[in-house]
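S.K.: One structure coming up, written as structure tokens, with questions to follow.
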């Protein structure tokens with residue numbers, strides 16, 4: 001016969017008896033009623049369970065990414081192969097960091113304020129980007145000054161921030177020194193339409209950019225191969241014009257563009273660009289060559305392709321082939337300009 005262990009009895013504080021009053025005479029003979037204090041109910045502080053993220057092998061773990069119990073009662077282990085991207089919100093330090101990051105929200109753009117952190121004379125914080133556009137504080141309406149909050153800059157240097165593209169799926173958590181660089185080329189950052197006329201407002205993930213070009217910009221054609229001829233027709237027509245096509249090679253898509261810009265009367269320039277439909281990191285793995293040949297003349301250009309992250313309107317400040325009207329006339333035949341484009345992958349150097 002098995003004997004069932006009785007459950008331990010819970011100890012509750014004794015029931016507080018009804019309050020009794022005690023009459024105390026005063027110096028003048030009046031009777032004052034004094035209320036007897038009831039016994040205080042002491043609630044023990046709730047124990048805080050710390051969560052420690054470790055990386056170890058578990059021979060009997062079910063699958064990758066499964067949480068497996070550690071030997072310590074107050075810790076949780078993560079199976080090897082999963083890297084934690086930031087502190088867990090259930091820890092005390094996570095709650096503290098969330099509170100501090102909430103203090104660093106810009107009241108104008110609602111983004112996190114990164115150093116240099118500006119403040120108004122009354123101490124309200126604002127990011128440097130919004131500060132350059134405002135003359136009065138958006139909170140208290142006093143005139144802004146160029147006062148930096150050095151204390152909050154030190155606080156920001158100790159915090160780990162989420163990527164601003166977290167609502168698109170990015171799970172990276174970074175220091176403020178790494179945050180800006182990561183967000184410029186974040187894989188989850190939406191891409192804008194790379195067509196050079198800047199009239200298309202489409203944006204979406206990288207995997208949909210090429211399909212968008214084919215479906216929404218019918219004049220864009222695709223040529224296969226790493227060595228092609230990009231033919232721009234009627235380059236002598238008046239006005240601002242552009243010619244665009246896609247070159248597919250090395251398992252990638254490259255957007256070739258020739259844009260004619262009027263800078264003034266009788267002053268026209270042609271900007272030739274090769275941009276990769278991909279990230280800036282991927283674009284750095286390739287090199288392209290553009291050559292023009294006509295009437296025993298040869299012009300060659302070599303550079304690295306840019307990513308479509310960069311706006312086409314920034315061509316004048318970028319590293320692209322620029323031709324003036326006279327040069328185009330020298331290399332064009334019957335008003336058509338033929339550009340030989342060769343794209344190759346950069347070979348890794350061996351030590």
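Just so you know, the numbers here start at 1 and follow the chain as drawn.
Any Cβ shown, glycine's included, is placed from N, Cα and C.
Checked Swiss-Prot, it gives:
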{"type": "BINDING", "residues": "163, 170, 182, 186", "note": "Zn(2+) 1 binding site"}
{"type": "BINDING", "residues": "193, 200, 212, 217", "note": "Zn(2+) 2 binding site"}
{"type": "COMPBIAS", "residues": "18-27", "note": "compositional bias 'Polar residues'"}
{"type": "REGION", "residues": "1-38", "note": "region 'Disordered'"}
{"type": "REGION", "residues": "155-346", "note": "region 'SBD'"}
{"type": "ZN_FING", "residues": "106-141", "note": "zinc finger"}
{"type": "ZN_FING", "residues": "158-218", "note": "zinc finger"}
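Locate each feature and note its surroundings.
M.R.: Under the three-state DSSP scheme, residue 170 (Zn(2+) 1 binding site) falls in the coil class. Taking Cβ-Cβ distances under 8 Å and a sequence gap of 6 or more within the same chain, the neighbours of residue 170 (Zn(2+) 1 binding site) are 162, 163, 186, 187, 188, 189.
Annotation for residue 200 (Zn(2+) 2 binding site): spatial neighbours 193, 216, 217, criterion Cβ-Cβ under 8 Å with sequence separation of six or more.
The average pLDDT computed over the region 'SBD' (155-346) stands at 88.
Long-range neighbours of the zinc finger (106-141) within the same chain, counting only residues 6 or more positions beyond its ends whose Cβ lies under 8 Å from a Cβ of the stretch, are 147-149, 152-153, 156-157, 161, 164, 176, 179-180.
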S.K.: Cβ within 8 angstroms of the Cβ centroid of 193, 200, 212, 217: which residues besides those meet this for the Zn(2+) 2 site?
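M.R.: Near the Zn(2+) 2 site, the remaining chain residues are 194, 195, 202, 213, 216.
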S.K.: Write out the long-range same-chain contacts of residue 212 (Zn(2+) 2 binding site), meaning residues 6 or more apart in sequence whose Cβ is under 8 Å from its Cβ.
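M.R.: Expected: 193, 202, 204.
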S.K.: For residue 182 (Zn(2+) 1 binding site), what residues in its own chain, 6 or more apart in sequence, show a Cβ-Cβ distance under 8 Å?
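M.R.: Residue 182 (Zn(2+) 1 binding site) has long-range Cβ partners 163, 172, 174.
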S.K.: How do the residues of the zinc finger (158-218) split into helix, strand and coil according to DSSP?
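M.R.: The composition, in the requested order, is 23 helix, 8 strand, 30 coil.
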S.K.: Let's check the environment of residue 186 (Zn(2+) 1 binding site): how many other CB atoms sit within 10 Å of its CB?
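M.R.: Other Cβ atoms within 10 Å of residue 186 (Zn(2+) 1 binding site): 19.
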